[in-house]
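Trainee: Pasting the feature list from TrEMBL:
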- 68-93: transmembrane segment (TRANSMEM)
- 99-115: transmembrane segment (TRANSMEM)
- 188-212: transmembrane segment (TRANSMEM)
- 262-281: transmembrane segment (TRANSMEM)
- 293-313: transmembrane segment (TRANSMEM)
- 342-362: transmembrane segment (TRANSMEM)
- 382-404: transmembrane segment (TRANSMEM)
- 416-435: transmembrane segment (TRANSMEM)
- 479-504: transmembrane segment (TRANSMEM)
- 540-690: domain 'STAS' (DOMAIN)
Amino acid sequence: MDASPEPQEKGGTLVLIRRQPPVSQGLLETLKARLKQSCTCSIPCAQALVQNLFPVLHWLRQYRPKEYLAGDVMSGLVIGIILVPQAIAYSLLAGLQPIYSLYTSFFANLIYFLMGTSRHVNVGIFSLLCLMVGQVVDRELQLAGFDPSQDSLGPRNNGSTLNNSTTTLVLGLQDCGRDCHAIRIATALTLVTGLYQVLMGILRLGFVSTYLSQPLLDGFAMGASVTILTSQAKHLLGVRIPRHQGPGMVIRTWLSLLQSVGQANICDMVTSAVCLGVLIAAKELSDRYRHRLKVPVPTELLVIVVATLVSHFGQLHSRFGSSVAGNIPTGFVAPQIPDPKIMWHVALDAVSLALVGSAFSISLAEMFARSHGYTVHANQELLAVGCCNVLPAFFHCFATSAALSKTLVKTATGCQTQLSSVVSAAVVLLVLLVLAPLFHDLQRCVLACIIVVSLRGALRKVKDLPQLWRLSPADALVWVATAATCVLVSTEAGLLAGVFFSLLSLAGRTQRPRAALLARIGDSAFYEDAAEFEGLLPPPEVRVFRFTGPLYYANKDFFLQSLYNLTGLDAGHSATRKKKGPEVGVSDSSLADGKDMGSVSSGTGLVVPLAFGFHTVVIDCAPLLFLDVAGMATLKDLHRDYRALDITLLLACCSPSVRDTLRKGGFLGEDQGAEDELLFPSIHSAVEAARARREELAAADSAF
């Protein structure tokens, strides 16, 4: 930057000289320039575009095997081991076959390895998204004439549909069974979700996810966790109840469970009790001694292995009627294009999935980037997560996003880069090609236990509610409203309610901000709230008013009301009465409000300002973020009313944007001197100027 001339002096004080703003191009010229820049093709531009789209090309060249490889391999193995039982379990939430969850975990890890900017985030199956996918799948199955209460897991369904998937998936709906149509719905929903996210990334809309505040996300996670727990209760008890849809699903499900509790399967109940006890105890011990454990214990995998062996050798399915996972085929199914008709039906449902998946993924990526000292790019994260949905949708996968629990495990086991995702994908691939049929006799209640225990973190957030209430009641209201709506209505409605109450709380904070009269701190040049601090000295015959918020159409009336109440003078009403006084017989002394110091009339019959106890009002504009047209009109009217009452209105500490708005809005007039008379760099300079003007007027009046 070129050296600037020193500030000039005027009347013994420093004067700031405004720089001449650069000549701005018109909108058409700006669009042409950006379009020309975007369409310019060269080898360096193409290389930069490819590297931005695939960050792996950049960081892989800087990979240090001696430092990173051991941690990446270890964390990848651990995550892969954890992914297998979770993938099989979360298929219950999505209402799909376990093999599709394994497909999803495999492809998501590989694609995020290529396109993700976070070194630690794990992208894959996520319980909240699985629940949302499952609700859409159940609804569309019911509309297609299938029975949603018929679970997708089980030997009968697998044998009729999935074993012949290579032939049935290419046939029409009339030749496609329940499981086949369910995955069609899930892939169509996933593709639309991914397209939304990719479009958001292309349009640079990564900032949109920031409007989903942390209390909103926590409340949504809490409400969705209760919904997930409700959906898994039937598997814990081993009962068959209809799958309820629509508002009140949670309540109606619990009522159905109470009515069917007498039909509970004793074998499933005992297995659930044992598995829950083991899993919860192991999790608590792991949390307590996590600093001593170099590698987290894969409790879920151990429970699944033991439960599968017990179920197989004990013949729990044939002897006690316990529901099991059934046949899980190996290999990959041929890719298929999602059905456009189904995509049209679920286009609206995909909006909530895209927002929730994007918000959780970006927030997790930014959180771990801050803690480890690097940066991530929100728009590239949108592209990465979107491609994790778009491309796998053609390979019978469903919606994915970043997951907190597995990301924490990755960091705890020494993850350094996304190379660990390749190791995790290799573990899942091994299960897909070889080990999947070994889980044939795994009980569904064991899978439900894994899902329920994974909700511990989200359900524990309810303990943070009292502290959140003490910190910010508005945020606590957003949390409660989001969680309650998720439970009582639906997860989609909960998300909408959370967004609505977040915007409402934001509007409420700006609509009724704090207002106060300021007083001087001793002999200093600083002023603070006289109602909050003791021993302050109010400036004589001057009122200093602070309004801690923007001045716009929604709070202009509150601004005037606060100013009038604190100063004890309704300037608008008093100015109107003064103008009408001679006509309607209103005396000058009646212009002052009840809090005034008495009317003092001059020889000419005009009310002097001291009749109200002050002759100047100084507005501290430092907290004033912006002015809109209504706010500008309010200040102009206030200036006019005070001038009619012979009271001076001064503005102090205005930001450059507020000064520009005042200048463009005509508040300062066309004369440069008017700006110097109305705007001051500090409150103290405004108070001193008001005092000096008062003394000059008094001296002139005495001389006259």
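Each Cβ is built from the backbone N, Cα and C atoms, and glycine gets one as well.
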Trainee: Could you check if the transmembrane segment (293-313) is in contact with the transmembrane segment (342-362), meaning 3+ Cβ pairs under 8 Å among residue pairs at least 6 apart in sequence?
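Mentor: Contact absent: fewer than 3 Cβ pairs fall under 8 Å.
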Trainee: For the transmembrane segment (188-212), which recorded stretch in the set 99-115, 342-362, 382-404, 479-504 gives the largest number of Cβ pairs separated by under 8 Å?
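Mentor: Counting Cβ pairs under 8 Å, the winner is 382-404.
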Trainee: Restricting to the same chain and to residues at least six past its boundaries, which positions have a Cβ under 8 Å from a Cβ of the transmembrane segment (262-281)?
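Mentor: Same-chain contacts beyond the flanks: 235-240, 299-300, 303, 307, 316, 320-323, 443-446, 448-450, 452-453, 456.
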Trainee: Report, as numbers and ranges, which residues of the same chain sit near the transmembrane segment (342-362): CB under 8 Å and 6 or more residues beyond its ends.
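Mentor: Tertiary neighbours of the transmembrane segment (342-362) are 121, 123, 126, 128-129, 132-133, 136, 140, 184-185, 188-189, 191-194, 196-197, 200, 206, 208-210, 212, 217, 220, 376, 378, 381-382, 385, 389, 399-402, 404, 491-492, 495.
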Trainee: Name the range, of those listed as 68-93, 99-115, 382-404, 479-504, that has the largest tally of Cβ pairs under 8 Å with the transmembrane segment (416-435).
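Mentor: Answer, by Cβ pair count: 68-93.
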Trainee: Give the nonlocal contacts of the transmembrane segment (382-404) in its own chain as ranges (CB under 8 Å, at least six residues past its ends).
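Mentor: Residues packing against the transmembrane segment (382-404) from afar: 53, 94, 96, 100-101, 103-104, 107-108, 111-112, 115-118, 121-127, 129-130, 132-133, 169, 183, 186-191, 193-202, 205-206, 332-333, 335-338, 353, 356-358, 360-362, 364-365, 457.
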Trainee: Any residues 6+ beyond the ends of the transmembrane segment (99-115) with a Cβ under 8 Å from its own?
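Mentor: Sequence-distant neighbours of the transmembrane segment (99-115): 53-56, 83-84, 87-88, 90-91, 121-125, 162, 183, 186, 328-329, 332-333, 380, 383-385, 387-388, 391-392, 395-398, 400, 418-419, 421-422, 424-425, 428-429, 431-432, 436.
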